[in-house]
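Novice: Provided herewith is a single structure, encoded as structure tokens, for subsequent inquiry.
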Amino acid sequence: MELIIDAQALGADLEALAAYSDDEPPGVTRLVYGPADLRARAYLRQQCDEAGLVVREDGLGNLFARWPGSEPDLPAVASGSHIDALPHAGRFDGTVGVVGALEALRALRRAGFQPRRSLEMILFTSEEPTRFGLGCLGSRAMIGALTPDQLRQLRDGQGRSLDEWRTSADFTAPLEAVALAPGAYGAFVELHIEQGPLLEVEGLPIGVVRAIAAPAALRVVIRGQSGHAGSVLMLERRDALLAGAELALAVEAAALGTGSRDTVATTGIFTIGPGAVNAIPNVATLEIDVRDIDLERRDQVLQAIKASTEAICARRHVTYDLIELNADPPATCDPAVVETIIKVCDRIGLPRLIMISRAYHDSLFMARICPTAMIFIPSRGGISHRADEYSDLDQIGQGVAVLAHSLAALSHA
Ligand code: HGY
Ligand code: MN
Ligand code: MN
């Protein structure tokens, strides 16, 4: 089937989404349920309507744009990703998978394709952990890994609840209806930028993901004693910042200590109080991200960090609270879906690399309820979660072509 991917339309969609941002170009900041996110969603809803898709949104704002197939009762085939962006991020993380899925469906319709299984584009709400401290909220809730009660307990950094945020964004459908019925999907494929250097280094246009690394996150709040920077002597201090600083270095040592290049750990958030140059810090909050493709090694690092927290705080006479925000297992992509994508690449003449994803994605959770795989396209310099994240339109168009042909094959599987 001759498929024409409209690179101009892709570019226009990405350009339009990038304009809905709370950052200076080329950076993008788009936190879930904020004004920029809502304007981006409205734009996408309009594109889905114009493409003739049947659109619905659930109580979290997950958006589903469906092209009913000839056998609409069969489990559908879906593709999608996210549009929320962490502060000062890039314009391609997530959005390539959303506008790419939309363009794949548009290209199939233009080519006169007739789906047997319905085809659906999904926009997952809140893939980034920025607002509520937990990533992949939409996909977790869709697969039942996050209950309505757990969702209702979520607060942002200022204490505003997820319920307040979602209802103010006009997502008022019951949270109880977010979890999907068993067998809702027959397959899921996500197109995403690699967010790493491998494809560019190898000079390859397509990555076929066989596994997704296991992410975990901790929040540690350390409490010491504030006091006058001039009059409290050094040996009398209980300085929360210094305990936190030691802990951040212990996090790095724990990751390096496994001896594997596949173990990574990051202290991405480190805030202190009261925040005066002449007052001893009495509180330090660290958020720590730990990942590995090997679950046991990842959990070893979590244990080592917990032990270091205990030891450092005891020695420095400060107290701490440690919360495990998430500790998810890795995902193995479905061999049959991987094979479908490989066959498409070979048929349309695109060299590909079978690889793992060190970043997590909504596919990590979709893989728990249906056969799932991912398609990667190169990231310039391997850069992501930065304003200078970049993939060119040819690369994106090639990824969308592989996606469209894969969805067509899966729709008739
Ligand atoms: O952090 C991640 O891996 C994803 O980009 N949110
Ligand atoms: Mn991201
Ligand atoms: Mn992403």
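Glycine residues also receive a Cβ, built from the backbone N, Cα and C atoms like all the rest.
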Novice: From the candidates ASP93, ASP170, give the one listed by TrEMBL for the same Zn(2+) 1 site as HIS82, HIS192.
Specialist: ASP93
Novice: Look at the Zn(2+) 2 binding annotation in TrEMBL, where ASP93, GLU128 are given, and name the residue from HIS228, HIS317, HIS385 listed for that site too.
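Specialist: Zn(2+) 2 site check in TrEMBL: besides ASP93, GLU128, the record includes HIS385 out of HIS228, HIS317, HIS385.
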Novice: Just checking, which of HIS82, HIS192, HIS385 (binding-site residues) has the fewest C-beta atoms within 10 Å of its C-beta?
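Specialist: Taking HIS82, HIS192, HIS385 as the binding-site residues, the minimal 10 Å Cβ count falls on HIS385.
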Novice: Determine which residues of the same chain, besides HIS82, ASP93, HIS192, have their CB within 8 A of the center of the CB atoms at the recorded Zn(2+) 1 site, and list them by sequence.
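Specialist: So the additional residues around the site are SER81, PHE92, GLY94, THR95, VAL96, GLY97, GLU127, ILE193, HIS361.
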Novice: Identify, in sequence order, the residues in the chain of GLU128 (Zn(2+) 2 binding site) that are 6 or more apart from it along the sequence and have a CB within less than 8 Å of its CB; answer 'none' if there are none.
Specialist: LEU31, VAL32, HIS82, ASP84, ALA85, LEU86, GLY135
Novice: Can you tell me the CA-to-CA distance separating HIS385 (Zn(2+) 2 binding site) and HIS192 (Zn(2+) 1 binding site), as a whole number of Å?
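Specialist: Between the alpha carbons of HIS385 (Zn(2+) 2 binding site) and HIS192 (Zn(2+) 1 binding site) there are 13 Å.
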